[in-house]
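Colleague: The following block contains the structure, expressed as structure tokens.
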Amino acid sequence: MTCEHLFTISFRACKNNGLLIPNVSVMFLVRIRNIGIMAHIDAGKTTTTERMLYFSGYTRAFGDVDDGDTVTDYMAQERERGITIQSAAVTFDWKDHRINLIDTPGHVDFTLEVERALRVLDGAVAVFDASAGVEAQTMTVWRQAEKHKIPCVCFLNKMDKPAASLRYSLDSIKTKLKANPILLQIPIGSGKSFTGLVDLITRQKMTWQGSSLTYDGHAFETSALQPSDDPDVLQAVSEARATLIEQVADLDDDFAELLLGQYSESFDAVPAGKLQEALRKVTLARKGVPVLCGSSLKNKGVQPLLDAITAYLPAPNERNHDLVRWYKDDLCALAFKVVHDKQRGPLVFVRIYSGSMKAQSAVYNINRNGTERMSRLLLPFADQHIEIPSLSAGNIVLTVGLKQTVTGDTIVSSKASAAAAVRRAQQEAESKSSSQRESSSLVLAGVEVPEPVFFCSIEPPTLAKQADLEHALNCLQREDPSLKVRIDPDSGQTILCGMGELHIEIIHDRIKREYNIETHLGPLQVAYRETILQSATATDTLDRTLGEKRHVVTVELAVHALMESSTSCDVTFEEEVKTQLPAVVRQAVENGVQSAYLQGPVLGFPVEGVKTVIQHVSLEPGTSAAMVSACVSRCMLKALKLAGGQVLEPVMALEVTVGEEYLSPVLADLAQRRGTICDIQSRQENKVLLATVPLAEMMGYSTVLRTLTSGNATFSLELSSYEPMNTQEQNILLNKMAGLA
């Protein structure tokens, strides 16, 4: 056991709403769990989090999403809509373990919130609606967890629903997530008669009794299974436990050897401790995922879930972070989220990977190449925080005073500490001849920000408010990297670019409430892309006299269409040109090409799938780099026009869950929206419609779907790809953009 320390928690009463704020004492690193709750929208993430806080003693009363009084959904927009918009961090104790938990959004517009939370977490709990199994956004968040190699535990929530199905949920995890579910519990009863669980590892029966209106779930009976119990339950437990032992033995060779050696006569005689130990190894190696079940709203099954988090998910020292070892005991941390506080200014969420952080100390930001001073350290508790003097590795902390730090920045104790880490990395690379590692800069991997798909103009009520609006947008961009703000070069308007209708609506609402600016939004528009149809060559000469200086440059280049699947744009030089041009001129040429890629030849949208080859560049002495870039951009525009422009539109993957009686009108509506039906699946009593539809056709779809199905359908959208528009649709779009339609 490591002797690194952390702060653990005992609770003291707080005046606010019966909330309990922790006192701080010392304990071991192996008892920390940094976990996230992730799921499709409405699977019960926030309710599960609220029950965890209640059963751990952090809150004195249940928070309810419908009543708008949950701890983690503290924004006004979240409480009004009953959804999670921003990930929220809380810290609490459970049986001598400290759990740092982040509740993440389930809506596709806020996928970045999930991405940056998972980047700094060690484990995750995937929550499923047991009546629906794996849904669209479940697959998205699961892919994100896979990308960051995060061990997971699955929780089948809503087992009290009439349509809840354990078998269907397990099958969907296998087929859709390509995961290996390992069932640890089986439910007693189903639907409204769901009263408890049987733990397959210990063969203990847990029953929750009492009225759902008054019963708080704190007290539940635990007893060993008896031969006098329901024969069907005994038979199901026997079969499920045999399957569990077989699954774990298949995935862990040491456990298989133990079974064949000491317990060959009866595999069922293997002790619970040995089985649990093997299951932990399997989970940490991401060979299988433990599956538990319950009903968070009815307060059933949450305590065993907390036990599973501490038993199967990793401590910070069990996660392998290659880069961190070069810092040894020096500070190495990653800033993963920024929020703005009216009193304290920007608050930066930081995950500490090595060393420790102290209040009133200076830190060095590698990405910004600057030193900043932290005035205070806070432990995060949703929107309430407690000040602490210091915090060590493995923890998540909130810092006050970091003015320049943004999401994805690496923070170390000093510039000298970073240089020492680089030296250690280089020495290790030299000692291992096979190592090809680039170790010139030791920066923790940041967060990948998806490209926005919607945009609209935003205007202040008066010119006097323009500066306030710019300040608000700067703050919001720092908080939310998926929000992009740009100035339209033709109209001079401020353009908001976001991930969807809801995303832009929330930003608009926050500007009004938090910054007291009544802004006007223009109509939502789709972020198209452009490409070219064929290759073309162009030559251009720029001859300008500025003051007493004459600038002359001639450029010849060719543009080629890349493969259809390519979304990048490249620039290369012919070998002869590359050797002749100085580095400064080459850089100016590349800058000119890249700026031309930002505005396509058809509608001025960014260009993708194009390769540019620079064939000839000649310039007279004294010609500035800016003139070279300008000439290249002009030549590029000429070549792109000659190559024939093609508009690419964003096509969305659509999933609609609808009753069979409403399927026909939904299909007919999608046909009018240029939709392509990919598959129609059955999910219990409902049909699940999978389709691809152009984003331009999906404006206001939620209202139309509600009307068609009398409110009995749900849908989710996710960007699938950019596809070429057909000639007719492209002409309609051109006329519309020109104001002729």
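Positions of Cβ are set from backbone N, Cα and C atoms, glycine also.
Nobody curates TrEMBL annotations by hand; they come from automatic prediction.
Small disclaimer: the values here were computed from a predicted structure and weren't measured.
So TrEMBL lists these for the protein:
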BINDING   39-46, 103-107, 157-160  GTP binding site
DOMAIN    30-317  domain 'Tr-type G'
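Help me see these features in their spatial surroundings.
Modeller: Less than 8 angstroms from the CB of ASP42 (GTP binding site) sit GLY106, ASP129, THR714, each of them six or more residues away in the same chain.
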Colleague: Which number gives the other C-beta atoms within 10 angstroms of the C-beta of MET159 (GTP binding site), all protein chains shown included?
Modeller: 27
Colleague: Drop a 10 Å sphere on every Cβ of the binding-site residues LYS45, HIS107 and tell me which sphere holds the fewest other Cβ atoms.
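Modeller: It is HIS107 that, of the binding-site residues LYS45, HIS107, has the fewest other Cβ atoms within 10 Å.
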Colleague: Report, as a single number, how many Cβ atoms besides its own are within 10 Å of the Cβ of ALA39 (GTP binding site).
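Modeller: Around the Cβ of ALA39 (GTP binding site), 29 other Cβ atoms lie within 10 Å.
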